[in-house]
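Chemist: Per Swiss-Prot, the features are:
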| type | residues | note |
| --- | --- | --- |
| TOPO_DOM | 1-28 | topological domain 'Lumenal' |
| TOPO_DOM | 49-57 | topological domain 'Cytoplasmic' |
| TOPO_DOM | 83-90 | topological domain 'Lumenal' |
| TOPO_DOM | 109-118 | topological domain 'Cytoplasmic' |
| TOPO_DOM | 179-192 | topological domain 'Cytoplasmic' |
| TOPO_DOM | 211-216 | topological domain 'Lumenal' |
| TOPO_DOM | 240-313 | topological domain 'Cytoplasmic' |
| TRANSMEM | 29-48 | transmembrane segment |
| TRANSMEM | 58-82 | transmembrane segment |
| TRANSMEM | 91-108 | transmembrane segment |
| TRANSMEM | 119-149 | transmembrane segment |
| TRANSMEM | 152-178 | transmembrane segment |
| TRANSMEM | 193-210 | transmembrane segment |
| TRANSMEM | 217-239 | transmembrane segment |
Amino acid sequence: MGWVPDEWSIDHDTLIDAGGYVQKLKLYPYFDAAHYVLTCLSVRHDLGPDAISFSRKHPFSCWLSCMLMSFAGSFLSCFLLGEPIISPLKQHADILLGSIVWYLVFYSPFDVVFRLATWFPVKLGLSVLKEVQRTHKIAAGVKHAVRIYPESYLVQILVGVAKGAGSGVVKIVEQLARGTWHPTNHEILRPSFTTKACVIASIVFTLERHSMYVTAPHDLVYLCVVGFFIYFKLASLCLSVHDVLMPIENVLCAVFMGGIIDAFAKAVDATKKAIHSNRVLSEEEILSKEREKVLKKKKLLAQMSNGTDKKNN
């Protein structure tokens, strides 16, 4: 007998069926609505304590910011593939649902929708729905890029990442739409764990599409990626584990990005300075230092004599 009871065991076919079921879920309206709610909450949080006054004074700018962030992945992927950037707005049902969510988050009576959405159990459920939608977007982005650029793995990975984590890049444009801009704080310069996870998921889907190193059934791979996103999202919300890849990055950067070499160079320089400060001076260096002291004394005496002459005059 193992540690896990036999009743808890799940066979391979059941997991594949579960992955196929999750993959065929319709995102509209529930999963999309969860995405819009969390996006509007992110915009409102980014606005800070002036969010209410800003939404009253500049409603169009507030709406445009939320729409840019809600469809950021589609905007960015269209830009990368040379497709019309405005094409994500062709579905009026998506725009209508996003606008309704935006209105409720910013203008609901007594701010009841915002308070309900930020309540931890509700936010937890919305986050799970959004991670399922994120996986669907990454898989769809890789599939679309494979159809257009079948020989370019880099393009396929980039489009998948853009679909899953495009809001971090488009955030610069969104900030311009509401009159603020922070050029030193964007996703390319400081990628979040979500972007890193999207890169990993996009690589997995790309390799699986080409049957390279990932030979498991597509439905099983899809289910594993969904579980990967949900697990780390719950860990971030419940346990405040925000970036599990940071220790690995620090080690890799120290080994392959010059960290060890730079530390060794600093140690050598410090050793040289210590040796130079503690070594015995030669006779010439001692004589030169004595001459410098004598010259300094002569200059001081000359200055003092000049001062006394001026006083006597």
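A Cβ is built for glycine as well, from the same backbone N, Cα and C atoms used for every other residue.
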Chemist: For the transmembrane segment (58-82), which partner among 91-108, 152-178, 193-210, 217-239 gives the most CB pairs under 8 Å?
Modeler: 152-178
Chemist: Cβ pairs under 8 Å only, please: of the recorded stretches 119-149, 152-178, 193-210, which one is richest in them relative to the transmembrane segment (217-239)?
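Modeler: Answer, by Cβ pair count: 119-149.
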Chemist: Using DSSP, how many residues of the topological domain 'Cytoplasmic' (179-192) fall into helix, strand and coil, respectively?
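Modeler: DSSP classes over the topological domain 'Cytoplasmic' (179-192) add up to 0 helix, 0 strand, 14 coil.
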Chemist: Per DSSP, what is the helix/strand/coil residue tally across the topological domain 'Cytoplasmic' (109-118)?
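Modeler: Across the topological domain 'Cytoplasmic' (109-118), DSSP assigns the residues as follows: 10 helix, 0 strand, 0 coil.
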Chemist: Going by DSSP assignments with H, G and I as helix and E and B as strand, what are the residue counts for the topological domain 'Lumenal' (83-90)?
Modeler: 4 helix, 0 strand, 4 coil
Chemist: What else in the chain is close to the topological domain 'Cytoplasmic' (109-118), if you only count residues 6 or more beyond its ends and a Cβ gap under 8 Å?
Modeler: 37-38, 41, 44, 126
Chemist: Which residue counts does DSSP yield for the topological domain 'Lumenal' (211-216) in the helix, strand and coil classes, in that order?
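Modeler: Secondary-structure breakdown of the topological domain 'Lumenal' (211-216): 0 helix, 0 strand, 6 coil.
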Chemist: Any residues 6+ beyond the ends of the topological domain 'Lumenal' (83-90) with a Cβ under 8 Å from its own?
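Modeler: The answer is 67, 71, 74-75, 77.
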